[in-house]
Each structure stands twice: as C-alpha cells, then as structure tokens.
Amino acid sequence: MAMASAMDLSSPPTFFLSGTSTSSPSLRRLSSISVSGFRRHSNRKLQILCQATAGTEPQSGLSVSGSKLAARSGQDRLLKVPISNIRNFSIIAHIDHGKSTLADKLLQVTGTVQNRDMKEQFLDNMDLERERGITIKLQAARMRYVYEDTPFCLNLIDTPGHVDFSYEVSRSLAACEGALLVVDASQGVEAQTLANVYLALENNLEIIPVLNKIDLPGAEPEKVLREIEEVIGLDCSKAIFCSAKEGIGITEILDAIVQRIPAPLDTAGKPLRALIFDSYYDPYRGVIVYFRVIDGKVKKGDRIFFMASGKDYFADEVGVLSPNQIQVDELYAGEVGYIAASVRSVADARVGDTITHYSRKAESSLPGYEEATPMVFCGLFPVDADQFPDLRDALEKLQLNDAALKFEPETSSAMGFGFRCGFLGLLHMEIVQERLEREYNLNLITTAPSVVYRVNSVNGDTTLCSNPSRLPDPGQRKSVEEPYVKIELLTPKDYIGALMELAQERRGEFKEMKYIAENRASILYELPLAEMVGDFFDQLKSRTKGYASMEYSVIGYRESDLIKLDILINAEMVEPLSTIVHRDKAYSVGRALTQKLKELIPRQMFKVPIQACIGSKVIASEALSAIRKDVLAKCYGGDISRKKKLLKKQAAGKKRMKAIGRVDVPQEAFMAVLKLEREVL
C-alpha cells in the first residue's frame with residue numbers, strides 16, 4: 001500500500017490501493033475513501049467504520065482529524081470561560097457497564113490526557129479499584145471542549161457505583177446539573193443503576209441515556225431502550241449509541257453534554273457557598289478538599305469556614321483537577337476544584353459540608369448534609385499479637401482518608417487485643433480489610449460481622465449495641481430492635497422462584513413483583529440487615545448463575561425476637577464466638593457451630609462438652625471424647641482388685657483434670673468457625 005508523498009492536512013488525505021490490492025470489486029470501489037473513514041489495527045488490517053446510527057469514527061487510535069480535535073480541545077484548559085459555557089456532569093452506571101472506560105475516552109478525545117500518559121481506568125488510582133473493576137474513591141476532571149468554535153469547560157465528577165457509598169454518590173450528583181446514564185446494551189438496566197438514577201432525579205439532573213457496548217454480538221439496543229423507558233420513565237428518543245472501548249459515539253456524547261445539560265446559575269456575587277463532594281489526606285499538605293462552588297467565589301489566602309464542623313482555616317492553595325491538580329488564582333460559581341488549607345483531619349471537612357467565608361458567612365448551609373453512620377461492625381485482631389500497634393497505626397492512617405470508618409479497642413480472652421470496627425456496608429468492610437492486609441502487610445482475623453441493634457431497657461433507656469458481649473441480660477432489657485432494609489432484586493424470570501426462596505429463608509417480607517421486560521422481573525422485599533451481612537450476595541449470584549443484581553436501602557428499626565447465643569467449651573464461655581440471632585434460627589446456628597468445633601478442637605485427656613446456650617439453657621451440645629490411656633497395659637494377670645484400683649485412680653485423675661484443665665482452641669478452629677458464622681447467620 002502506497003500513500004501520497006505529500007499530504008495536505010487541510011483536506012482529508014486518501015489511500016491509494018496498489019494493483020495487487022484491487023482484485024476485489026469492493027476494494028476498487030473504496031480506493032478513494034478518505035483516511036478519516038479508516039482505522040489501522042495492530043494486525044495491519046483496515047476496517048470500514050459505520051458512521052450512521054452508531055456514531056462517529058473510533059477514537060481509540062486517534063485519527064488525524066481526531067488528533068486535531070483533541071489538540072484544539074485540550075489546549076488552554078485553564079483559560080476562564082463564561083459561566084454559561086460551563087457544564088458539570090456525572091456518569092451513572094452499574095458495575096461493569098463501562099463507566100470508567102467511557103471516562104477514559106472522554107479524557108482522551110478532549111486532549112485532557114495525552115495518548116502517551118493514557119492507561120485503562122485512568123481515574124481509578126488504587127490497585128484494588130483496578131483489580132475489582134469498581135470505583136471506590138471518586139475523582140473529578142476538568143476538560144476543555146470546542147463546540148462550534150466556542151470553548152466549553154466540562155467538569156466530570158466521577159462517582160462510586162456501589163450502594164455502600166450512596167451518600168457520596170448523592171453529594172456528587174448534587175454538585176452537577178446533568179448525568180450520563182450508561183447502560184450495557186447487552187445486559188440492560190440493573191439494580192444499582194436504578195438506585196443512582198433515582199438519586200439523580202431527586203437532584204433534578206438532566207439525564208442523557210447512553211447505550212454502551214453496542215459492538216458486542218449480543219447487544220440489543222432497541223430492547224434496552226424500551227426497558228429504560230418502561231422502568232425509569234426516561235424519554236429515550238435522543239439516546240446515544242456508543243462503544244467506549246472502540247471509541248464509537250464519543251463526539252456525540254460530548255455534543256449532547258454541551259447541548260442538553262444546563263449551565264450553572266450565575267451567582268458569583270453572593271456569599272461563598274461551596275459543596276464538598278470528596279476529600280483525602282495528603283501527608284505533606286493536610287486534607288485536600290474537592291468541592292463545587294455553588295455561590296460566590298474563593299481565592300488563595302481566603303479565610304474559609306466549614307459550616308458543619310465549625311472549623312476555620314486559611315486557603316493555602318486553590319486549583320482545578322485536570323485530572324491532576326493545577327493551581328489557579330480563584331474559582332467562581334459553577335466551577336469545580338480543590339482547596340488545600342492545612343486541615344489535619346478528614347472529620348473537619350466531611351463530604352456534604354458547606355464551605356463559606358469566615359468574614360462573610362452564608363445565611364444557610366447547602367441542604368443534604370449527613371453524618372456517615374456505620375451499619376456493619378466486626379472485630380479485627382492481628383494473628384501475631386506483636387502487630388497490634390501496627391494495626392492501630394494502619395487504622396488511624398486509613399481513617400484520615402475515610403471519615404466513615406470507626407474503630408475502638410477491644411479485648412478478647414481468646415484472640416488478645418484488637419479493634420471493633422464500623423463500616424458503611426459489606427463492600428466497605430471488605431475493602432478496608434483488604435487494604436490493611438495489602439498496604440500494611442498485616443495478617444488479620446475477622447470476627448463475624450454484626451449490625452447495630454437498638455436495645456430498650458426496662459428502666460426506659462435506649463442504647464445501641466453492636467457487640468454481642470455488651471448485650472444486656474434478658475432481665476434488664478424490654479425489647480431489641482434491628483435495622484431493616486428494602487431490597488430490590490432484578491432477575492431473569494427463570495430464577496424468580498430461587499430468589500423468593502432465598503429471601504424467605506432470610507426472614508424476608510414480600511412486598512411486590514413486576515415485570516420490567518418480557519423476561520426480567522423486579523422483586524421487592526423487606527428483610528433484616530443482619531440477614532444480608534453473611535453470604536446473602538454470594539447465594540444470590542450462585543442461585544441465579546450470576547444474572548441477578550440487587551440494591552438495598554435502610555428503612556429503619558423494627559422490634560424482633562432476638563437472643564444472644566453463647567458457646568461454652570468445657571463449661572467456659574468463649575466470647576468471640578457469641579452472636580446475636582433470631583430465636584427461630586438459634587437451634588440451627590447452635591447445632592452447626594458445635595458440630596464444627598467438635599471437628600476442629602484437638603482431643604484432650606478428658607471428655608470435653610461443647611455447648612450452645614441461650615442464657616443458662618443448653619439448646620445444642622456435642623461431646624469431644626477423651627483420649628484413652630491404657631493403664632492396664634502393664635498388668636499381665638493378677639488379681640482383679642489391682643486392675644480396679646488402677647482404673648479408679650485414672651478416673652479420679654481425669655475428674656480432677658476436667659475440673660482444672662483448660663481447653664485451648666487453636667487459631668485455625670477460630671478462623672473456620674468465624675467463617676461458618678458468616679455463612680449461617
């Protein structure tokens with residue numbers, strides 16, 4: 001293949017096919033198509049691009065015209081533009097629907113990130129995010145895009161998609177005027193997509209439907225469009241078909257952001273009000289706060305005031321995220337950026353708080369601020385007791401970045417010193433545990449997760465209890481309440497029965513079921529949060545072969561018949577194995593735990609009873625038989641009275657040993673039983 005030696009870049013160049021290449025009539029007809037209609041793959045084949053309904057040419061290996069667009073858009077990103085030319089938007093998507101890939105492509109096409117610096121999941125900084133394919137810590141990026149010769153500033157505020165971080169998502173959406181609703185064209189609407197769309201609608205955002213992965217063989221875009229219209233109620237007549245991986249439809253998305261998402265209100269003359277949507281701890285500069293200016297303006301050197309925490313600081317540095325931090329002189333209404341003010345604790349600059357000027361305070365803070373409330377608790381103990389100080393230091397460092405993480409010291413007779421930790425949900429708990437083990441080289445034992453119970457005492461007091469060992473005695477408590485959640489399950493119709501059976505097993509209360517498509521149903525249940533902190537999600541995926549998805553939200557506390565189940569080994573209570581269960585499940589849980597302990601505890605010289613008790617009542621029991629020592633082996637006959645004397649002496653010794661003997665439960669047994677507790681609860 002030969003190309004013209006001199007190319008005039010002002011007009012699109014053309015390919016000239018050699019004589020050996022024109023044997024095919026179809027190739028001869030294409031011999032004068034411009035280079036912008038082709039993309040050269042690594043295997044050196046040329047592919048014709050469909051530019052009709054599927055969108056623009058791929059931008060993955062940017063063509064000549066695409067490179068010029070990126071250069072024009074990416075240059076001078078820091079130049080000020082009128083407020084009418086600012087667009088703040090977010091991307092809403094279920095896990096694995098292509099949110100991070102689309103964000104990467106937007107950064108690349110607008111020239112925000114150069115090709116040489118580009119990598120997959122560019123905005124996902126943590127290794128854990130890349131491995132799991134999820135967004136944990138949200139990011140923001142400022143892009144410059146030229147539309148009809150007019151420069152626009154596009155602020156992408158990335159969001160975590162998981163339900164554990166729904167509060168952070170709501171604050172991110174509150175900082176935007178619009179959102180891209182990204183749905184996989186081969187999978188359709190999923191549960192967490194619905195949850196975040198409802199949050200966007202509550203914030204009155206302009207939603208642009210985007211159907212991703214249209215290049216997949218199993219893509220059914222028309223069917224998914226109908227699903228979006230029926231389930232969510234959005235008008236999909238202007239939905240955009242795209243493939244973030246192949247770069248199809250990216251320009252259409254950028255144009256739609258400019259055309260359809262409204263500009264921020266021009267309120268630069270009002271007192272400063274800025275919404276914090278994220279923060280993290282920098283060891284050299286203190287807490288770096290990401291915020292959106294709603295009213296007024298802020299510049300370096302201003303004395304700022306955090307309205308929820310009541311703390312004030314001087315702004316040492318103000319800048320924008322593009323996506324790296326770049327200092328600017330000031331930020332005004334509608335803009336998104338960061339501020340460094342030598343804040344020493346993330347707790348002083350919480351997500352959802354309002355920043356204002358110390359000397360000219362705003363009359364009211366921005367609505368929607370909430371304190372992060374842990375919903376799931378578990379104990380973390382180092383396998384090596386010498387690592388306790390390291391665990392404390394690691395938790396303190398993590399807490400600098402994660403204000404939702406709570407912990408307090410805890411002591412166990414079996415596992416030594418550790419911490420009782422509170423988390424937003426199960427994913428949050430898994431992420432913290434994995435980061436402790438990976439980033440701080442700690443080897444940890446995790447107790448069975450529990451939720452926060454509300455205990456009403458006979459004297460009228462109400463206390464919160466997350467640790468079974470702190471549950472008051474039955475005579476002192478009037479009632480116990482547990483948190484309930486509303487859970488929505490989206491599943492193919494073939495697995496409806498399996499999911500309903502699972503929910504009924506977990507004390508679920510059926511509310512409604514509706515078909516959102518010909519072969520997909522939405523099932524609504526209310527069930528205790530405690531029933532979800534075990535293996536509920538694993539069972540959900542297992543029983544539906546991975547096709548079902550779920551979304552849940554806490555709806556409050558309800559009174560339940562809850563009891564404390566204790567495990568006694570040789571009449572001694574083992575506190576770490578105590579748990580709070582519903583009375584109806586006490587026997588099955590107790591039986592499973594005692595049987596597992598019988599398998600794992602080494603046999604002793606005396607008989608060891610293993611009991612599951614409610615108060616003083618034993619509901620399940622197993623016995624570990626004694627190792628028999630043959631004391632008659634040395635007797636080669638003789639009088640029977642001699643043998644009786646030896647046997648009697650042995651029995652007395654075993655009785656004394658049983659009274660004073662101590663049974664040590666090995667570490668492996670603890671870990672296996674704690675894992676079993678997570679499965680059976």
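Each Cβ is built from the backbone N, Cα and C atoms, and glycine gets one as well.
What Swiss-Prot records for 1-51 is transit peptide, and it gives sequence analysis as the kind of evidence.
Model confidence over the domain 'tr-type G' (84-265) is summarised by a mean pLDDT of 80. Positions annotated as domain 'tr-type G' by Swiss-Prot: 84-265.
According to Swiss-Prot, the GTP binding site annotation covers 93-100, 158-162, 212-215, on the basis of sequence analysis.
Within the group of binding-site residues (Ala93, Ile214), the Cβ with the highest number of other Cβ atoms inside 10 Å belongs to Ala93.
By the criterion of other Cβ atoms within 10 Å of the residue's own Cβ, the least surrounded of the binding-site residues Asp96, Lys99, Thr159 is Asp96.
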